[in-house]
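J.: Following this message is one structure expressed as structure tokens.
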Amino acid sequence: MYMSIHGNSSYINYEFSGHFESFWFISLAFVPVINVGFIANLLRLFYSAAKQKIPTNCSVFFSTVMMVSTSLIFSIFDNLTFRIPATGIMTSLCAKVEPNKWLLWVYILQLLSTYWSVEFTALFCFVRLIVYKFPQNHQKINKFLVRIYTPLAIVLPFAAPWFMYPGVGYCRQWNPPMPFGAIFISFSNTLFEIRLDYFYNLMIGFGCFAIILSNIWLIIFATKQAKVSRAISAAFTRSTKLSLYSTTLCMTIPFAAHGIMTILAHLKPSLSGYVIYVRSPLTDIGQTALLGIYNISAMLRKKTATVAVAATATTN
């Protein structure tokens, strides 16, 4: 097991003293708490809209909830796998135990939550696009899409780490410039000694491409319909276009950064210690900014509840 700390007396006797990396990653670990607040506020706004009988597109609502929920789950397991161990808090404890299945499942769940986050972000984009592309029967189409897409998106990712299931998880030292005692969870003893999930990189690349492309199409369709519909024209303002551009960027950043880290760590393992410094804040900025934008959009939408459902879904 490459750079394993298990049974190493230097790590067993390691004492957490606090260093720059500790405070850096501990501060980033609080980001999911902020995101929970954003999600709770979104649910409150949707509930309030339902009580006031403000028109709400159920498919858009469901896809929004799934997108933000899976992003939160990804953030939690990303912290457990990479960031919290890097603080040094877990170093001595990990060194005292043997490599085990519990650590492996922390890593696998981090991987699965990445798939779910990409898939349901893409679903949200598809649902929102269909609302504009098929304004007359979008509810029927989206209802069918959500029913088929959701169970497949949840179950299929379990097939991706097929080679990991017989293995074990273990704690290993980060490469420089990370200090001694900064660790993360990895895996070993897999089937055929496979070390890289190639499907993961394809999924991240395709997911980011689908998200960007669907948002470009949405802007094109919305612009065309705004010319013939006064209600949509009133909703599809310059600020709405800016919201679409910014949300597309925020959706793409976390997954692109995570994919780059995986590729670099495989091709050039010595760079992984540098990449984590950049990847972590980029992931948090993208996810938190996305939730913030949708909170603002939902609050503005509540104030302008007379806008048509199709126009409402555009700024969702």
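Backbone N, Cα and C define each Cβ position, glycine as well.
Predicted automatically and left uncurated, TrEMBL annotations should be read as such.
Pasting the relevant annotations from TrEMBL:
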{"type": "TRANSMEM", "residues": "23-47", "note": "transmembrane segment"}
{"type": "TRANSMEM", "residues": "59-82", "note": "transmembrane segment"}
{"type": "TRANSMEM", "residues": "102-132", "note": "transmembrane segment"}
{"type": "TRANSMEM", "residues": "144-165", "note": "transmembrane segment"}
{"type": "TRANSMEM", "residues": "198-221", "note": "transmembrane segment"}
{"type": "TRANSMEM", "residues": "242-265", "note": "transmembrane segment"}
{"type": "TRANSMEM", "residues": "271-294", "note": "transmembrane segment"}
J.: Mind checking which residues reach the transmembrane segment (59-82)? Cβ under 8 Å, same chain, six or more beyond either end.
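T.: Those are 28-29, 31-32, 35-36, 38-39, 42-43, 46, 106-107, 109-110, 113-114, 116-117, 119-121, 123-124, 127-128, 131, 138-139, 142-143, 145-146, 150, 184-185, 254, 276, 280, 283-284, 287, 290-291, 294, 312-313, 316, in sequence order.
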J.: Determine which recorded stretch among 23-47, 144-165, 198-221 has the most C-beta pairs below 8 angstroms with the transmembrane segment (271-294).
T.: 23-47
J.: Looking only at residues six or more beyond either end of the transmembrane segment (23-47), which have a C-beta under 8 A from one in the stretch?
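T.: Contacts with the transmembrane segment (23-47): 56, 61, 64-65, 68-69, 71-72, 75-76, 79, 83-84, 86-87, 277, 280-281, 284, 287-288, 291-292, 294-295, 298-299, 302.
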J.: Counting only residues 6 or more past its boundaries, what in the same chain has a CB within less than 8 Å of a CB in the transmembrane segment (102-132)?
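T.: Sequence-distant neighbours of the transmembrane segment (102-132): 57, 59-60, 63-64, 66-67, 69-71, 73-74, 76-78, 80-82, 94, 138, 141-142, 145-146, 149-150, 153-154, 157-158, 160-161, 164-165, 167-171, 185-187, 197, 200, 203-204, 207-208, 210-211, 214-215, 217-218, 221-222, 225, 251, 254-255, 258, 309-310, 313-314, 316.
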